[in-house]
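The structure under discussion appears below in the form of structure tokens.
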Amino acid sequence: MPGAPGSLEMGPLTFRDVTIEFSLEEWQCLDTVQQNLYRDVMLENYRNLVFLGMAVFKPDLITCLKQGKEPWNMKRHEMVTKPPVMRSHFTQDLWPDQSTKDSFQEVILRTYARCGHKNLRLRKDCKSANEGKMHKEGYNKLNQCRTATQRKIFQCNKHMKVFHKYSNRNKVRHTKKKTFKCIKCSKSFFMLSCLIRHKRIHIRQNIYKCEERGKAFKSFSTLTKHKIIHTEDKPYKYKKCGNAFKFSSTFTKHKRIHTGETPFRCEECGKAFNQSSNLTDHKRIHTGEKTYKCEECGKAFKGSSNFNAHKVIHTAEKPYKCEDCGKTFNHFSALRKHKIIHTGKKPYKREECGKAFSQSSTLRKHEIIHTGEKPYKCEECGKAFKWSSKLTVHKVVHTGEKPYKCEECGKAFSQFSTLKKHKIIHTGKKPYKCEECGKAFNSSSTLMKHKIIHTGEKPYKCEECGKAFRQSSHLTRHKAIHTGEKPYKCEECGKAFNHFSDLRRHKIIHTGKKPYKCEECGKAFSQSSTLRNHQIIHTGEKPYKCEECGKAFKWSSKLTVHKVIHTGEKPCKCEECGKAFKHFSALRKHKVIHTREKLYKCEECGKAFNNSSILAKHKIIHTGKKPYKCEECGKAFRQSSHLTRHKAIHTGEKPYKCEECGKAFSHFSALRRHKIIHTGKKPYKCEECGKAFSHFSALRRHKIIHTGEKPYKCEECGKAFKWSSKLTVHKVIHTAEKPCKCEECGKSFKHFSALRKHKVIHTREKLYKCEECVKAFNSFSALMKHKVIHTGEKPYKCEECGKAFKWSSKLTVHKVIHTGEKPCKCEECGKAFKHFSALRKHKVIHTGKKPYKCEECGKAFSQSSSLRKHEIIHSGEKPYKCEECGKAFKWLSKLTVHKVIHTAEKPCKCEECGKAFKHFSALRKHKIIHTGKKPYKCEECGKAFNDSSTLMKHKIIHTGKKPYKCAECGKAFKQSSHLTRHKAIHTGEKPYKCEECGKDFNNSSTLKKHKLIHTREKLYKCEECVKAFNNFSALMKHKIIHTGEKPYKCEECGKAFKWSSKLTEHKVIHTGEKPCKCEECDKAFKHFSALRKHKVIHTGKKPYQCDECGKAFNNSSTLTKHKIIHTGEKPYKCEECGKAFSQSSILTKHKIIHSVEKPYKCEECGKAFNQSSHLTRHKTIHTGEKPYKCEECGKAFIQCSYLIRHKTIHTREKPTNVKKVPKLLSNPHTLLDKTIHTGEKPYKCEECAKAF
């Protein structure tokens, strides 16, 4: 009832509550279809009012619409509703769903019943509006009830949502129909109002303008909200916290923070929100819908607010200016946030940690740190984030999308902020200038950080150690050192960190991902900061300069570290041993020494390290990567510091000068070491021997001498070293890399020190002179070694045999003789060596490389020392002369060996038999005779040998390997020496000349053998048959005749040979290969020796003449065989029948008669032969080939011997013309006569086996 306590007055319901108004501009945006649709909707709204029983006068707008007139210029009348005589003038078809109509009626009745009006009911029989007067009192009650129930009298059947107005919008949502379409972009909408709003985007009209700032808006309501900003009026105040707000909506949102109310719940995941807009935004995560698309760059957004914020980027408009500092912003919210900087207020405080913030949003973000919640998860890799913005940024990593492109250089970026920063490079603008030094910056934040450098102010002080910092973040990071707290733990490996950023960086190690790639060199990095640091390498920029010495650095951190050098301050002290350090990082590394803890382990080799940086450096060893390359010489380094140190070599720059003596150095560390020389101080003393040192490092090195410890071991060969530097030098041996090249002669070296020494050769400068003999040297160390010659001092004595040496290195080499140890093994052939230098020399054999070439004859060598020795041959120089007999030698070693002849001294005596030897090597070989030991056994055939080298040579027989191949003819050899000899055949070079007869030879060994002819000395005698030989190898070959041993067996046919060379020749039979081809007639041969013999046919030369009868021959071997005719000697006797032969080959052929063995079989007809030559002859029958042609008459022959016989027809020569031989007959037919007496029939027919 009116006037009752608690009754609420309410204004009358008007037609405006259910109408939509248009301005002229808005109405013009609609096409004809949309205008007609508007008329239908407005008429429907009017009918709905009448349907609900609200008797209204017909407004002019409805009249206009019914008449088809435009509504925007009509004057609207407010029509007062009458008492609730509820009436409907419309038919059932007005409602698309009968249940929807019923539900609205039920809600009205239910609402009235709650208010105590049970007699109320909906009536459909009201004749006129006058009938409603009798119910005036009832209407008032209804009006009160409607107000009490928040005016929500319409309920939706689908979701039971209640509305205070009847809503066509709600109906359309359930139908899912989008009937309103935009002509410009074809986008569809549920409601007409949404389409109208959308159309404003295309026309971009802002007709409502703010008088204060001049900013324009599209709607009057937005302008009204905007005006509140200028008033500063905040009428909505919350009593609990005192916060005031300009808008009631903001006030309501804020209240929920205190109450914790989250009424808006997501049906998909159950998550609840304070605001419906947050729920709407959240729902798009599930749907992935991005309805707002930017026409400029194509980027899509889920919410209109984000879309509007984004659009400002393209216009670059910044209408909001700060009155304090003049800085402008795109959005007012950004200006509002900025203003707090000037006030310094931080009203939002966290009770947990006491930290205060200027904005509530920042506080909210901070609170997540305490909760540890990460609700935003990446679907690609599962990585979780605290904020959605971070997830958005992260997603770009997977897509690789870079939509933001620079118009200047075409470079693309994944985020607009990065593009914005990049653009400054092209403009070169640095608007933020430092008043102190004039340095300019791109951003104000960078300027603020820079200013602290000039003030020197460090307001953030550590309470534990007193260390001060410029920024609070640095102090926070520092504090973790004292507490030891590491709250951030890695789930993969369990490692803990002080800061979350460190954990984040660490996690990338497990993923192995490196999304940040350098465009210059293609190198990839796991973090953008590391990429930025790396990029400085390419630019070479060093912006951070030291004011003391002028040295420049790429990073400020390096400059900070450097500055301590000048101050000499060491504030970080070790509590265990009292040692002080300049930097806390150095102290931290040092502390590990006391704990011995090595937490960082290499996954490749299992090696552990004290800190992660050393592990990271170590890992490069396994990858072999050397990203830092010198532009001068191309040498690459694993670390940038090494490259920096190396560069000083090329520049020759030595900025660090000693004030005492003026000596300059490339690095400050070298100068620091040098200065100690002038002070004479040696504070570091050895407790073992009392020796003092100027540096602790020198003492540490010295101590190893007493302990004998060699902690640095080579992974390749197992060799151990006392110092890491020696190991580093040693490692180069395995790589064979020679990065240091001489510009004068092009020679390369492994180490720069070697190159430096070499360069002196070109300058011929010898600064270090000996006072005794006036001899000069290139280096001080060489002079010191030389001086020992004059003193005769040999301080290094062998404990085993008492032999003394001038240098420790020589003693070390000598000691291996007694141990017999050969730790250096060749991976190719298994051969072992006592010293790595010997192994290194040996390895060259397998590579076949010979970089050292003789300028005189072009001969190449694998080692420079070999070249030097060879060059003496051409010069003929023999600088080493024997004082006893005057004999001169080319090499000092030869003179030393020779001297023993005069002294007759044989210091090396055998304890078994008393036999003495001049050299220990000879004694060592001799001793094996007494032991009878042959410890080196072949696993293939069981044969045993005295030494490993002989075994290694023997093993090649079984493997059949011939690694040394001739580039000319393709022939392969087991040993390099054999290949060297062979090569001389192609070159025809014979540098070794006999002084007696002038004969030339390919190699020195052949010359040596030849010289014995002149002396007639045959020192090596056979014990079996008393035959003597010039050399030991010839004797060894001869002995096989008596033993009958044939160790070299053919795998194809089983034939055995006494010598490997014969087996090699034999093998060609099976392969059929003929690699040696005659250039004259194209005839091919299996062996080069055969080709050489053949070539004589074309030349017609016969240089080898018999002194007895004057007959000439093509080669020396034929002459040797011929000479036996004159002597009548037949040393080769058959054991079966006693028959003797002049040549071993004839004996071999003869033996076949007794064995009846025919190992050589024809593949065509199956016929077998005793000898391969017979098989070869036989094969011509099948081929019909006659390669030997007579030049006189053109007649061709199967064999060369037939051709030779034939040629005598033309010359009329008697082939067996023999002079001065009374025992032999001049006619070949008389030789036939001799066979009659012997009964011998050596010539057998291959077809019928008849002998002649």
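Any Cβ shown, glycine's included, is placed from N, Cα and C.
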Stated Swiss-Prot location of zinc finger, expressed as one of 41-63, 1076-1098: 1076-1098
Annotated zinc finger segment (source Swiss-Prot; candidates 69-91, 138-160, 460-482): 460-482
Stated Swiss-Prot location of zinc finger, expressed as one of 98-120, 236-258: 236-258
Same-chain residues near the zinc finger (1076-1098), Cβ under 8 Å, at least 6 residues beyond its ends: 969, 971, 982, 985, 1065, 1068-1069, 1114-1115, 1187, 1200
Tertiary contacts of the zinc finger (516-538), as residues 6+ beyond its ends and Cβ separation under 8 Å: 505, 508-509, 554-555, 627-628, 640
